[in-house]
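Trainee: What follows is a structure written as structure tokens; I'll ask about it next.
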Amino acid sequence: MRVLLIAGGVSPEHEVSLLSAEGVLRHMPFPTDLAVIARDGRWLLGEKALAALEAKAAPEGEHPFPPPLPWERYDVVFPLLHGRFGEDGTVQGFLELLGKPYVGAGVAASALCMDKDLSKRVLAQAGVPVVPWVAVRKGEPSMVPFDPPFFVKPANTGSSVGISRVERFQDLEAALALAFRYDEKAVVEKALSPVRELEVGVLGNVFGEASPVGEVRYEAPFYDYETKYTPGRAELLIPAPLDPGTQETVQELALKAYKVLGVRGMARVDFFLAEGEVYLNELNTIPGFTPTSMYPRLFEAGGVAYPELLRRLVELALT
């Protein structure tokens, strides 16, 4: 068994991907080679890929797409790419054309989960509770049918990139302008208060397995990029201090959403808990594997160590 790990990418989450790759390489129980996609879209292989990992950045690559890789050498590809052109079905489609098994969700599920607007539409139709939201496209009038505060987010980014909390209607356009720097579509979501943020991991293909529920606590106005990836900025409680009924509800909703959206392999499912009601926020089909990332820590708390988690993900790619 030999694995190809692909990291980096052209999205704003480039550095997060490299941090995740460092952890995966350290704990992967199978022989693994690394390929890094630089910010310019070209690829780095071999020692140059490892050097980029060490530097935590790859501004320029060497090989244009498709890279000269010995694809027949690899049994499984692990696309550890966060955000657009990695988590949205793009790379998954390339791997489908190659006929290579890969870790994680397929093309359709990846694209659907990446789009915060479309995934909410599907989940709401299936009876999964979601926070009130409206989609706004670049160049169109912004009609928000609920009062602030609310969050403005690019529809297709992760790691809280491009997100603003808006307290007054007069600040909406500036928040949309920021979101439109990253996407042609934004979502405006009603801000819940007071609110607790919960996360649960799912592992499996048709029938997933839910991890214990965790809770994220922080002092920042919201769970932004710096809070997520700076050690000490957030406190992760595993298991979350919840009554058994709420914990069961969160796990059941995570598994239902996973199945409804057709996800395979893995996902981290994020929830809000407000006034006793649980709302699904989003599914991340390629969750972080950094030292502060919740997904591996959730499963470790459930008795699945990091190397065993990776082994199961690779084996799921082959089934």
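Positions of Cβ are set from backbone N, Cα and C atoms, glycine also.
Swiss-Prot feature annotations, pasted as is:
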BINDING   147-198  ATP binding site
BINDING   Asp270, Glu282  Mg(2+) 1 binding site
BINDING   Glu282, Asn284  Mg(2+) 2 binding site
DOMAIN    120-315  domain 'ATP-grasp'
Trainee: Asn284 (Mg(2+) 2 binding site): which of the binding-site residues Val161, Ala175, Arg196, Asp270 is the nearest Cα neighbour?
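Mentor: Ranked by Cα distance from Asn284 (Mg(2+) 2 binding site), first place goes to Asp270.
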Trainee: Taking only the Cα atoms, work out how far Asp147 (ATP binding site) lies from Glu282 (Mg(2+) 1 binding site), in Å, as a whole number.
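Mentor: So the Cα of Glu282 (Mg(2+) 1 binding site) lies 22 Å away from that of Asp147 (ATP binding site).
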Trainee: Helix, strand or coil by DSSP: which one applies to Tyr182 (ATP binding site)?
Mentor: coil
Trainee: Between Asp270 (Mg(2+) 1 binding site) and Arg196 (ATP binding site), how many Å separate their Cα atoms?
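Mentor: The separation of the Cα atoms works out to 11 Å.
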Trainee: Counting across all protein chains present, how many other Cβ atoms fall within 10 Å of the Cβ of Arg196 (ATP binding site)?
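Mentor: Cβ-Cβ neighbours of Arg196 (ATP binding site) within 10 Å number 18.
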Trainee: So for Pro154 (ATP binding site), how many other CB atoms are inside 10 Å of its CB?
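Mentor: I get 24 for this one.
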Trainee: How many whole Å apart are the CA atoms of Glu189 (ATP binding site) and Glu282 (Mg(2+) 1 binding site)?
Mentor: 12
Trainee: Over all shown protein chains, what is the count of other CB atoms within 10 A of the CB belonging to Arg168 (ATP binding site)?
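Mentor: Excluding its own Cβ, Arg168 (ATP binding site) sees 8 Cβ atoms within 10 Å.
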Trainee: Averaged across the domain 'ATP-grasp' (120-315), what pLDDT does the model get? Just tell me the whole number, please.
Mentor: 92
Trainee: Enter the number of other CB atoms within 10 angstroms of the CB of Val161 (ATP binding site).
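Mentor: Looking across every protein chain shown, the total is 22.
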Trainee: Restricting to the chain of Glu282 (Mg(2+) 1 binding site) and a gap of 6 or more, list residues whose Cβ falls under 8 Å of its Cβ, or answer none.
Mentor: Cys113, Lys116, Ser119, Val269, Asp270
Trainee: Within 10 Å of the Cβ of Tyr182 (ATP binding site), how many other Cβ atoms can you find? Include all protein chains, please.
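Mentor: Within a 10 Å radius of the Cβ of Tyr182 (ATP binding site) lie 19 other Cβ atoms.
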Trainee: Counting only residues 6+ away in sequence within the same chain, which have a CB under 8 Å from the CB of Ala175 (ATP binding site)?
Mentor: Val152, Ser164, Val166
